[in-house]
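> Got a structure for you, questions after.
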Amino acid sequence: MAFPEYSPAASAATFADLQIHPRVLRAIGDVGYESPTAIQAATIPALMAGSDVVGLAQTGTGKTAAFAIPMLSKIDITSKVPQALVLVPTRELALQVAEAFGRYGAYLSQLNVLPIYGGSSYAVQLAGLRRGAQVVVGTPGRMIDHLERATLDLSRVDFLVLDEADEMLTMGFADDVERILSETPEYKQVALFSATMPPAIRKLSAKYLHDPFEVTCKAKTAVAENISQSYIQVARKMDALTRVLEVEPFEAMIVFVRTKQATEEIAEKLRARGFSAAAISGDVPQAQRERTITALRDGDIDILVATDVAARGLDVERISHVLNYDIPHDTESYVHRIGRTGRAGRSGAALIFVSPRELHLLKAIEKATRQTLTEAQLPTVEDVNTQRVAKFADSITNALGGPGIELFRRLVEEYEREHDVPMADIAAALAVQCRGGEAFLMAPDPPLSRRNRDQRRDRPQRPKRRPDLTTYRVAVGKRHKIGPGAIVGAIANEGGLHRSDFGQIRIGPDFSLVELPAKLPRATLKKLAQTRISGVLIDLRPYRPPDAARRHNGGKPRRKHVG
C-alpha cells in the first residue's frame with residue numbers, strides 16, 4: 001500500500017511548540033533535550049493528532065522519545081489499567097524503553113511503567129501488574145506467557161507501539177506479535193518503527209494500521225571526524241581505568257557511568273590512587289556543579305566522573321578524552337557523550353570499556369554512527385611501570401629546581417656524616433617514606449598457561465568447544481522455517497541469557513542443536529522447555545548423540561547426525 005508522507009516542513013523548533021503535556025515538557029527539559037530531532041518533530045504532532053504512524057528509523061534517531069512523549073501526554077494516569085503497550089525484540093531494549101518512559105514521565109506522580117521480559121521474576125512482574133501499570137513494555141514471548149496465564153489485560157489499550165519491528169520478525173516473533181495484536185481493541189492508535197521495510201512489515205502495517213503517516217529518518221553520523229574512537233575489552237574496570245589514566249597522555253577527561261552512586265564511588269577511588277577527580281550527577285546541587293565545572297575548566301581537577309544527565313550541555317575545551325566506563329544502552333547517549341571532547345576544532349579521543357556480553361551494544365553504536373570502532377589493547381604492567389619510573393624521574397628533576405632544596409640538602413648531608421650511610425640509600429629511604437608503604441611498581445600479571453601460549457600457527461585454527469558450554473536439543477528445525485536468529489532471540493529473552501552465552505548452533509531438518517552454559521539453573525531449564533518459537537514448543541533439553549545412546553545400551557556406535 002502507499003503511505004501518505006508526513007512532511008516536517010512546518011516542524012517545531014522547540015518541544016514547547018508541540019503542545020505536549022506541561023509535566024512531560026518539564027521532564028524532558030530536565031533530561032537536557034532542547035529541540036526535537038527530525039523524527040520527533042515529524043512524529044509527535046502526528047501521534048498527538050491521533051494518527052497511526054509508520055516510522056522508518058534506525059537506532060540513534062531519537063525514536064523512543066518520538067512515541068513516548070505523545071503517549072505520556074495522552075494517557076489517563078488516574079486509571080491503573082494498561083493503556084500503552086510497547087513491543088520490543090530484546091530484554092535490553094525493554095529496559096531501555098521503560099527507563100526512558102520513566103524519565104519523560106518523572107512529574108506524572110501516579111505513572112507506573114512496567115517492563116516485562118524473559119529471565120525476570122514472574123513474581124515481580126505479577127506484583128507490578130496487580131499494582132497497576134499504565135505503560136507496559138515487553139518482549140513478545142513473555143507477553144504471550146502473561147496472556148495465557150490471564151495476568152495481562154490488554155482490553156483497554158489505547159496506544160500500541162511495535163519498536164524495531166523488523167528485528168522482531170527476524171527473530172521469529174511474527175506469530176507472537178499477531179497473537180498479541182489480536183488481544184487488543186480494534187480501535188487504537190498504532191505506531192510501527194522499523195529500520196527496514198520488508199514485505200512482511202508492509203503486510204503487518206496494512207493489516208493493523210489505518211491510513212498511517214510514514215516518517216522516514218536516517219540516523220546522522222553526529223560524530224566529528226576529529227574524534228578518534230576505540231574500545232577495550234576489560235574484565236576489571238577499575239584496574240583498567242587506572243592503567244589507562246597512568247599511560248595515556250590526557251589534558252582532562254570525562255569518565256561516564258550509568259548510576260549516580262557510581263560517580264562518587266569511582267571518583268573517591270581515583271582520588272585515593274592519586275588522581276585529581278570529582279563527581280557530578282543529577283543529585284549534585286547546581287551551585288556545586290558549577291564550582292566543579294569551573295575547577296575542571298581551570299585545571300584544578302583533571303578527571304570528571306559523570307552521568308549522562310549531569311554532563312548535558314557541558315562545554316570545556318580542555319577535555320581531550322571521554323571514557324565510557326559503562327557502555328551506554330542507546331546510541332543517542334553515546335553520541336552526546338563523545339561530543340564533550342574535540343571542541344573548538346581540537347582533536348579528541350573516545351574510549352569504551354566493554355565486556356564480552358556487551359559486544360552487541362558496540363555493534364549497535366557502529367551501525368548507528370556508520371563508523372568502525374578500533375580495538376585498543378589495555379596498557380600492560382610494563383607500560384604502567386615505565387610511566388611510573390619516568391614520572392618519578394621527572395618529579396626529582398622538578399624538585400631539584402624548586403624552593404627549599406637547600407634546607408633538605410643540609411639535613412641529608414648531616415645525616416650522611418653522622419650515620420655513615422651512602423647518599424643513594426638515604427634518597428631511597430626518603431622515596432619509600434613518601435610512598436607511605438604503598439608499592440611503587442605494579443605487580444606483574446599472572447603468566448599465560450602453556451595452552452594459551454601455543455597458538456599453533458602452522459595450521460588454521462578450528463573453532464574450539466568452550467568447556468563451559470554443553471549441547472542442548474530444541475524441537476524446531478528447517479521444516480519450521482527457523483533460523484539461528486530466532487533461536488537466539490527466543491532463548492535469550494526467555495532465559496535471561498546474553499548472546500555471548502551461546503556457542504555453535506546447528507539447524508537440522510526436524511530439530512536443532514545449540515550450545516548453552518552447562519550449569520543453567522533448573523528454573524531456567526524448565527522455563528525454556530516451555531518456550532515457543534513461531535508457535536512451536538521448543539522442548540529444550542540436554543542433547544544425547546545417538547552413538548552415545550547406543551554405546552550406553554551395548555550397541556555399536558552410529559554416525560552422528562542432526563535432525
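Placement of Cβ uses the backbone N, Cα and C atoms for every residue, glycine included.
Feature annotation from Swiss-Prot assigns compositional bias 'Basic and acidic residues' to 451-461. The compositional bias 'Basic residues' annotation in Swiss-Prot covers 551-563. The feature domain 'Helicase ATP-binding' is assigned by Swiss-Prot to 44-215, with sequence analysis given as support. What Swiss-Prot lists as region 'Disordered' is 441-470, 543-563. Marked as motif 'Q motif' by Swiss-Prot: 13-41. According to Swiss-Prot, the feature motif 'DEAD box' maps to 163-166.
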> What are the DSSP helix/strand/coil residue counts across the motif 'Q motif' (13-41)?
18 helix, 0 strand, 11 coil
> Using DSSP, what is the helix/strand/coil residue split across the motif 'DEAD box' (163-166)?
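Reading the DSSP string over the motif 'DEAD box' (163-166) gives 2 helix, 0 strand, 2 coil.
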> Over the motif 'DEAD box' (163-166), what does the predicted model average in pLDDT?
88
